[in-house]
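> Pulled these features from Swiss-Prot for this protein:
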| type | residues | note |
| --- | --- | --- |
| DISULFID | Cys42-Cys131 | disulfide bond |
| DISULFID | Cys44-Cys60 | disulfide bond |
| DISULFID | Cys59-Cys111 | disulfide bond |
| DISULFID | Cys65-Cys137 | disulfide bond |
| DISULFID | Cys66-Cys104 | disulfide bond |
| DISULFID | Cys73-Cys97 | disulfide bond |
| DISULFID | Cys91-Cys102 | disulfide bond |
| REGION | 121-133 | region 'Important for membrane-damaging activities in eukaryotes and bacteria' |
| SIGNAL | 1-16 | signal peptide |
| SITE | Lys121 | site 'Important residue of the cationic membrane-docking site (MDoS)' |
| SITE | Arg124 | site 'Important residue of the cationic membrane-docking site (MDoS)' |
| SITE | Leu127 | site 'Hydrophobic membrane-disruption site (MDiS)' |
| SITE | Lys128 | site 'Cationic membrane-docking site (MDoS)' |
| SITE | Leu130 | site 'Hydrophobic membrane-disruption site (MDiS)' |
| SITE | Lys133 | site 'Cationic membrane-docking site (MDoS)' |
Amino acid sequence: MRTLWIMAVLLVGVEGSLFELGKMILQETGKNPAKSYGAYGCNCGVLGRGKPKDATDRCCYVHKCCYKKLTGCNPKKDRYSYSWKDKTIVCGENNSCLKELCECDKAVAICLRENLNTYNKKYRYYLKPLCKKADAC
């Protein structure tokens, strides 16, 4: 409960699905999303882009590609609902755009959990100018 409260404090003022994304990451990984992934590697975080540094960073790269494929919705502002049932994220929207947005966020949260063993603290606050150009999605 304390971790959830800390995450909420760190994400105060965050718009749209970013809040839901943060909750999903916390639920799947047990890590504070802002601290652990807010500026991780070349792709995690709002300003991230570039060739992924490791499998964790690749999760964020694929997530950005997923967002780019969305049509008619704004990942930073649109809000969706989901539930956490039996340690599984269940997207609950009838609106196709919001459902796809939720599925993008669900996929990255699961990917980050599946790649916890690749998480490297040296990439936690990686300098973006050191990132090389990535292939197009």
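Using N, Cα and C of the backbone, Cβ positions are placed for all residues, glycine too.
Mind mapping these onto the model and telling me what they sit next to?
Applying an 8 A CB threshold to same-chain residues 6+ apart, the list for Cys131 (disulfide bond) reads Gly41, Cys42, Arg49, Gly50, Lys51, Lys53.
Classification of Cys60 (disulfide bond) by DSSP places it within a helix. For Cys60 (disulfide bond), the Cβ neighbour count at a 10 Å cut-off comes to 23, with all displayed protein chains included.
A simple way to gauge crowding: the CB of Cys59 (disulfide bond) has 26 other CB atoms within 10 angstroms, across all the protein chains here.
DSSP gives Cys65 (disulfide bond) a helix state. Other Cβ atoms within 10 Å of the Cβ of Cys65 (disulfide bond), summed over all protein chains shown, number 14.
The Cβ of Cys66 (disulfide bond) has 18 other Cβ atoms within 10 Å, all protein chains considered.
Shown in sequence order, Leu70, Thr71, Gly72, Cys73, Asp78 are the residues of the chain, 6+ apart in sequence, with a C-beta less than 8 angstroms from the C-beta of Cys97 (disulfide bond).
Same-chain residues at least 6 positions away in sequence with a Cβ under 8 Å from that of Cys91 (disulfide bond) are, in sequence order, Tyr80, Tyr82, Lys99, Cys102, Glu103, Lys106.
When Cβ-Cβ distances below 8 Å are used as the criterion, the region 'Important for membrane-damaging activities in eukaryotes and bacteria' (121-133) is approached by residues 35-36, 39-42, 47-51, 53-54, 56-57 of the same chain, each at least six residues removed from its ends.
In three-state terms derived from DSSP, Lys121 (site 'Important residue of the cationic membrane-docking site (MDoS)') belongs to a helical segment.
Cβ environment of Arg124 (site 'Important residue of the cationic membrane-docking site (MDoS)'): Lys35, Ser36, Ala39, Tyr40 lie under 8 Å away, each six or more residues apart in the same chain.
Classification of Leu127 (site 'Hydrophobic membrane-disruption site (MDiS)') by DSSP places it in coil, neither helical nor stranded. Around Leu127 (site 'Hydrophobic membrane-disruption site (MDiS)'), a 10 Å sphere centred on its CB holds 8 further CB atoms from the protein chains shown.
Summarising the environment of Lys128 (site 'Cationic membrane-docking site (MDoS)'), the number of other Cβ atoms within 10 Å of its Cβ, over all protein chains shown, is 14.
Of all Cβ atoms in the protein chains displayed, 9 besides its own lie within 10 Å of the Cβ of Leu130 (site 'Hydrophobic membrane-disruption site (MDiS)').
Its own atom aside, the Cβ of Lys133 (site 'Cationic membrane-docking site (MDoS)') has 9 Cβ atoms within 10 angstroms in the protein chains shown.
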> Taking each of Cys44, Cys60, Cys65, Cys66, Lys133, Cys137 in turn, which of these recorded positions have a Cα lying within 10 angstroms of the Cα of Cys111 (disulfide bond)?
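For Cys111 (disulfide bond), the recorded positions whose Cα atoms are within 10 Å come to Cys60.
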> Let me check the 10 A CB neighbour count of Cys102 (disulfide bond). How many other CB atoms are there?
25
> Per residue, counting other C-beta atoms within 10 angstroms of the C-beta, which of the disulfide-bonded residues Cys42, Cys73, Cys104 reaches the highest number?
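Going through Cys42, Cys73, Cys104 one by one, the largest Cβ count within 10 Å is at Cys42.
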> Looking only at Cys44, Cys111, Cys137, the disulfide-bonded residues on record, which one has the least crowded Cβ, with the fewest other Cβ atoms within 10 Å?
Cys137
> In whole Å, note down how far the CA of Leu127 (site 'Hydrophobic membrane-disruption site (MDiS)') lies from the CA of Lys121 (site 'Important residue of the cationic membrane-docking site (MDoS)').
13
